[in-house]
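**Q** Structure incoming, see below.
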């Protein structure tokens with residue numbers, strides 16, 4: 001053992017050495033992009049790491065206790081373009097802290113409690129475009145030393161302590177400023193003097209966000225003649241009177257987009273009156289957006305729309321419009337959005353100048369009403385759960401100019417016409433709506449100009465081969481999640497010579513016609529994933545001279561045949577074969593070698609695994625050894641024979657093991673009394689019936705029966721098979737078998753049933769009671785031959801969910817369970833008395 005003095009002499013220098021080590025000297029940063037992007041987030045760094053290359057362009061140092069930034073703190077990174085210093089506990093930034101960062105375009109200082117900010121703190125940032133100083137305890141824009149940042153485009157100082165909206169003179173030196181975020185500050189009043197800079201030097205592209213400021217007063221004419229790109233005022237007003245006064249204070253403003261309203265979780269107005277918006281007449285607005293305003297009547301809804309009559313673009317989000325059936329006519333709207341609003345029924349629309357209508361995710365929608373929109377070019381009616389009794393033609397929409405139609409995520413759409421009068425359509429989306437009669441006739445015959453079609457997950461069953469006739473200009477076709485007759489893909493793409501993208505995933509396809517893709521010379525992307533293809537016959541893909549991406553993942557592909565590999569499109573750049581059932585056997589040696597040779601072509605080739613033979617299941621396909629296929633036939637034959645013999649012996653031993661367990665149990669428990677009246681065999685899918693009906697009526701009835709249930713009576717930590725035999729069969733007088741569709745499809749249930757047969761043979765007292773829970777198809781029942789024969793030869797109980805049927809069922813079942821049960825009058829009386837006592841207590 002080392003003497004104490006010697007041990008201390010060894011440990012003290014080691015501890016001194018370790019104490020000198022800093023986390024930054026351990027190279028803890030994550031290299032996202034070599035020599036370019038590094039992430040050092042939340043590594044407890046106390047200073048800027050020195051081991052990061054000087055070529056770094058993006059550096060994330062957020063959530064490190066840097067405390068302060070001294071002069072030339074980042075001089076080692078002259079190429080830096082993005083710097084994130086969020087929540088680094090920075091309290092002081094000295095002069096020239098960022099000196100030398102001539103290429104820095106984005107600087108993020110969010111969440112730093114800055115107390116001292118030198119006048120030259122941001123010097124040297126000659127290319128800075130985005131500065132984020134959210135939650136930095138900034139109290140005034142005038143004290144923010146950024147007047148020299150002439151290239152600045154975005155300034156975000158939200159969630160600070162700014163009380164004055166006065167824009168400093170240095171804003172006149174920022175001609176490129178496009179976005180100023182002052183939201184969630186302490187601004188209450190806005191005067192003409194505050195905006196003097198904008199009066200002197202207009203910033204025409206400036207977007208100004210003043211949301212979540214407790215505005216109380218805007219001086220009249222403060223915004224007069226000012227031009228803004230966007231102004232956002234959300235959750236600013238405590239009362240409708242303040243809102244009305246402030247909107248009147250905006251008189252004379254010229255703004256491309258005005259956003260008013262509240263936030264979903266920041267509601268201040270107790271009520272809303274559309275009179276507050278009347279002051280909008282004094283503004284010049286191109287686009288208006290109102291969000292999260294409620295608590296007003298249907299009349300107010302009409303008044304609201306009347307207030308917006310002179311605006312060309314309207315967007316209403318998350319409003320309660322109530323019973324607004326008839327929209328006002330004669331408005332000059334060109335663009336109208338109604339998103340996530342509650343409105344009782346689809347409104348009648350007659351707007352002659354409207355070109356774009358977005359009506360999505362609205363509540364209380366049922367059916368679509370005809371509209372009269374002669375100038376409409378863009379129509380989005382998605383996510384409304386609408387039903388369309390007739391679709392689609394000029395008669396439904398009263399327009400011939402439509403180019404974009406989105407009816408996705410709705411209810412039932414009946415295809416009654418082939419888009420007569422809508423020949424200008426270029427984009428059509430039906431995904432996740434239920435299409436009816438879509439495969440009865442050439443429904444798309446008139447759409448010569450259509451370029452995009454999505455009928456994914458529309459419950460379409462393709463029977464008619466001319467379903468896509470007429471789509472001569474189509475470039476993208478998505479039809480995932482549908483089905484084909486006999487799970488066979490025929491030649492239904494006969495006129496789509498311009499098609500570039502085709503999605504046939506999740507269509508249950510098993511075979512592909514040799515001519516399926518023969519007329520698709522421009523196809524570049526083909527998705528055949530999540531189907532049931534057993535062999536990938538490459539002959540149908542041979543005409544696809546432009547194919548670059550082929551996805552055949554999640555199929556049941558065993559292999560390719562050697563002759564099929566010769567038909568591979570030479571243009572193919574990516575082939576996805578992951579999640580298939582590859583056979584790693586010598587019969588497909590050529591294919592397995594081809595996989596090794598095509599590693600660059602195959603997606604995630606290292607994840608291709610063998611499914612058969614069993615001894616190679618889960619092994620990488622790349623690990624298959626071709627040398628094993630050269631062994632002599634004698635060795636192969638002998639090996640196969642040995643494997644078969646071992647397998648047979650193993651099966652016999654397995655079967656014999658359970659017979660021994662049963663036989664031993666019968667000898668052990670044969671003379672004693674059984675603990676349980678019956679062991680219940682059932683599928684876990686039928687557990688609700690077992691718990692709520694079987695257990696309740698038998699264990700709580702008179703006389704009570706004790707059932708053995710796996711979820712309650714099996715011993716934890718013991719193998720399932722051992723529990724079934726020792727706790728289930730050996731300790732029970734009888735066995736109840738609950739037969740259902742789930743039972744027949746469950747391997748565990750069939751295993752328990754087979755053991756029950758052996759148990760009945762070995763035990764003279766044993767009895768099996770069959771309960772058929774639901775009507776079973778004979779084709780399904782014949783899958784279990786012994787069970788089918790047994791049910792034909794023996795009586796069984798059949799569950800009927802009716803008063804008479806239940807009475808007969810429980811009477812017959814109790815009679816069967818009483819057979820051989822030791823009689824205990826006292827126990828029966830006690831049970832009856834207990835039931836009577838419970839009934840009186842509940843009363």
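Cβ from N, Cα, C; glycine included.
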**Q** Among 592-612, 613-633, 634-654, where does Swiss-Prot put the label transmembrane segment?
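**A** Among 592-612, 613-633, 634-654, the range Swiss-Prot annotates as transmembrane segment is 634-654.
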**Q** Could you tell me what the rest of the chain brings near the repeat 'LRR 13' (449-459), counting residues at least six beyond its ends with Cβ under 8 Å?
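**A** Those are 408, 423-435, 438, 471, 473-482, 503, in sequence order.
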**Q** Give me the DSSP three-state residue breakdown of the repeat 'LRR 1' (55-76), ordered helix, strand, coil.
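**A** Helix/strand/coil tally for the repeat 'LRR 1' (55-76): 0 helix, 5 strand, 17 coil.
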**Q** Take the repeat 'LRR 9' (353-374) and find every residue of the same chain, 6 or more past its ends, with a Cβ under 8 Å from one of its Cβ atoms.
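**A** Cβ under 8 Å, 6 or more out: 331-347, 380-389, 395-401.
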**Q** Excluding the flanking five residues on each side, which residues at least 6 beyond the ends of the repeat 'LRR 6' (176-197) place their CB within less than 8 Å of a CB in that stretch?
**A** 129, 150-169, 203, 205-219, 221-223, 226, 229, 232, 249
**Q** Summarise the repeat 'LRR 6' (176-197) as counts of helix, strand and coil residues per DSSP.
**A** 5 helix, 5 strand, 12 coil
**Q** Apart from its near flanks, which chain residues at least 6 from the ends of the repeat 'LRR 8' (227-247) lie with a Cβ under 8 angstroms of it?
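**A** Beyond its ends, the repeat 'LRR 8' (227-247) has Cβ neighbours at 178, 183, 202-218, 253-263, 266-273, 275-280, 291-292.
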